[in-house]
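Residues annotated as coiled coil in TrEMBL: 504-531. Annotation source TrEMBL lists domain 'Cation/H+ exchanger transmembrane' at 8-382. If you look up TrEMBL, you'll see 479-564 marked as domain 'Sodium/hydrogen exchanger regulatory region'. Taken from TrEMBL, the feature region 'Disordered' applies to 599-689. Annotated transmembrane segment per TrEMBL: 6-25, 37-56, 68-91, 103-124, 136-156, 168-198, 218-241, 262-284, 290-316, 328-347, 359-382, in sequence order.
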């Protein structure tokens with residue numbers, strides 16, 4: 001029924017099937033089977049985690065590892081203690097039915113119900129095809145919070161048996177978190193290296209190659225669980241470590257077997273887990289308490305939302321690609337609970353926890369709410385919020401080249417800046433891997449093969465298989481590529497090129513040059529900081545010189561602004577005639593003032609500054625003649641402005657000395673117009689000019 005499966009997630013349908021099966025078994029008078037914890041933890045959970053760890057998108061995981069760890073560790077601790085504390089308060093306030101449940105029991109319940117479940121997250125997120133960033137954040141959190149859940153669960157279970165919990169017990173409990181998480185990773189890495197080393201010698205028995213992958217991974221999980229370490233962390237670590245070396249050693253058929261067997265095994269386990277959840281719900285003993293169950297559900301949602309908002313606010317201060325409000329909503333909404341919580345609740349002992357049935361009822365309610373309500377509504381919400389979906393693109397050689405180029409470039413930039421970030425350490429790890437690890441764990445010439453060539457081999461094989469499957473084998477060109485020929489008939493090793501021998505003195509000289517010039521770049525450089533730059537001794541002198549030049553330029557500009565005044569706008573002939581006619585007052589010129597500069601006064605309104613027209617102003621001594629002593633004493637002479645004749649439109653008759661340079665001088669010396677009287681203390685040259 002495609003219309004149902006497009007709306008309801010597969011996990012919800014499987015739980016419904018389980019409920020129906022459990023109801024039928026109970027209806028015919030039989031006792032339905034219950035999902036026992038040892039069956040779940042030993043047989044059903046490992047295939048799902050191994051599938052997730054073996055095919056983990058390592059690049060996205062490592063780039064977002066800090067964010068994932070903060071959500072997984074700090075977020076889970078916050079959820080556990082917030083929920084446990086509030087549930088203890090509810091138990092104390094709600095009366096005698098719940099008041100006997102102590103603080104440790106509530107904290108234990110909080111640690112069980114607080115962890116996001118990887119099985120439920122995988123089941124829902126695989127169907128909605130969310131973008132890689134959100135998927136790896138929520139799924140990575142659900143994988144790595146296992147260490148916190150294991151520690152808190154065993155810690156509170158042990159504390160419940162103690163008569164008194166001391167400070168030393170709390171400190172040891174805190175330290176046990178590091179032991180459990182790092183110990184699980186260590187166990188996983190050891191088994192991953194052993195698996196890779198074993199695969200080096202399986203070239204003559206290809207049939208059992210996939211068996212080693214499953215065997216060593218399961219051994220890692222069991223070894224970790226044996227010592228109460230994190231089995232999930234061990235499985236993930238072993239899968240991540242062994243994959244690149246195992247795939248280089250095993251045949252293509254073995255690779256296909258591992259891939260499809262893991263997918264099938266994890267799919268079967270997932271189906272059984274959800275069906276058993278439904279059956280166990282019908283079969284189990286339940287104790288329903290409205291206050292406890294509703295409070296648990298409400299506080300779970302509140303704790304998740306608050307934890308995501310506060311942690312994202314902190315994380316965004318350090319992230320380059322910020323988490324948007326839409327991303328935060330999906331992360332908070334995607335915190336699904338599942339069968340791990342149910343199995344941990346089922347493991348509780350009746351002797352120490354007589355309220356186990358009520359805990360299980362509350363846990364099942366939370367699981368059903370998150371899987372049914374949140375799982376069914378997350379797809380329409382993703383579409384409604386227009387959250388970016390995963391783009392199915394095939395990787396190409398071009399993309400691989402550019403990715404490697406950018407990695408090298410960023411490593412170089414970090415080296416120059418002296419900031420050793422994750423690109424630097426990734427480069428160090430790659431160099432160590434190439435120089436030592438690959439030679440030990442990969443057989444034959446593949447250990448020396450560059451990453452790009454290995455990727456090209458993989459792409460070419462994939463393309464050939466697709467061609468065969470699509471029936472396009474006849475379209476393959478007869479000229480096979482050189483790399484394919486190398487794959488079919490590996491040629492003998494090329495003879496190493498003989499380098500010209502250098503004398504000892506020459507070699508020492510080259511070493512000295514390189515040591516003096518290149519060694520400093522590999523030393524730890526101080527990070528760039530403008531406060532710690534070395535001061536230049538000449539910098540102060542240059543600054544003083546630049547300031548003096550700037551001040552001189554500003555003063556010159558102000559003087560030019562003050563002296564340069566635009567020429568007075570001439571009146572029209574009609575206005576000029578009207579002014580002259582209204583007041584025919586005139587000044588008589590002096591007898592010997594022919595060669596003096598002439599200022600014509602418009603007699604229309606002698607008081608108005610606008611009435612002064614600078615008609616002709618010649619510097620003393622213009623025309624090459626020296627000024628006479630009388631002219632020196634007399635200065636400027638004002639002459640009357642002749643009224644224009646009725647037939648002309650000219651306001652004035654230009655003088656003989658009206659050249660462009662003279663006109664510029666006239667403009668400079670003309671009256672700049674009315675200005676308000678400067679107040680006391682006001683500068684002569686106004687600011688801003």
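A Cβ is built for glycine as well, from the same backbone N, Cα and C atoms used for every other residue.
Keep in mind that TrEMBL annotations are predicted by a computer and have not been checked by a curator.
Per-stretch counts of Cβ pairs under 8 Å to the transmembrane segment (37-56) identify 218-241 as the leading one among 68-91, 218-241, 290-316. Residues of the same chain lying 6 or more positions beyond the ends of the transmembrane segment (168-198) and with a Cβ under 8 Å from any Cβ of it are 147-148, 150-151, 154-155, 159, 162, 212-213, 216-217, 219-220, 223-224, 227-242, 245-246, 249, 440-441. For the transmembrane segment (136-156), the list of distant contacts is 49, 52-53, 57, 60-61, 64-65, 67-69, 71-73, 75-77, 80, 104, 107-108, 111-112, 114-118, 121-122, 125, 173, 176-177, 180-181, 184, 228-233, 236, 330-331, 334-335, 340, 344: same-chain residues at least six beyond its ends, Cβ to Cβ under 8 Å.
Mean pLDDT for the coiled coil (504-531) in the predicted structure: 65. It is 290-316 that, among the stretches 6-25, 68-91, 262-284, 290-316, forms the most Cβ pairs under 8 Å with the transmembrane segment (328-347). The transmembrane segment (6-25) and the transmembrane segment (262-284) are in contact, since at least 3 Cβ pairs between them lie under 8 Å (pairs 6 or more apart in sequence). Long-range neighbours of the transmembrane segment (290-316) within the same chain, counting only residues 6 or more positions beyond its ends whose Cβ lies under 8 Å from a Cβ of the stretch, are 66-67, 70-71, 74-75, 78-79, 82-83, 86-87, 90-91, 94, 98, 109, 113-114, 322-323, 327-328, 331-332, 335, 337, 358, 361-362, 365-366, 369.
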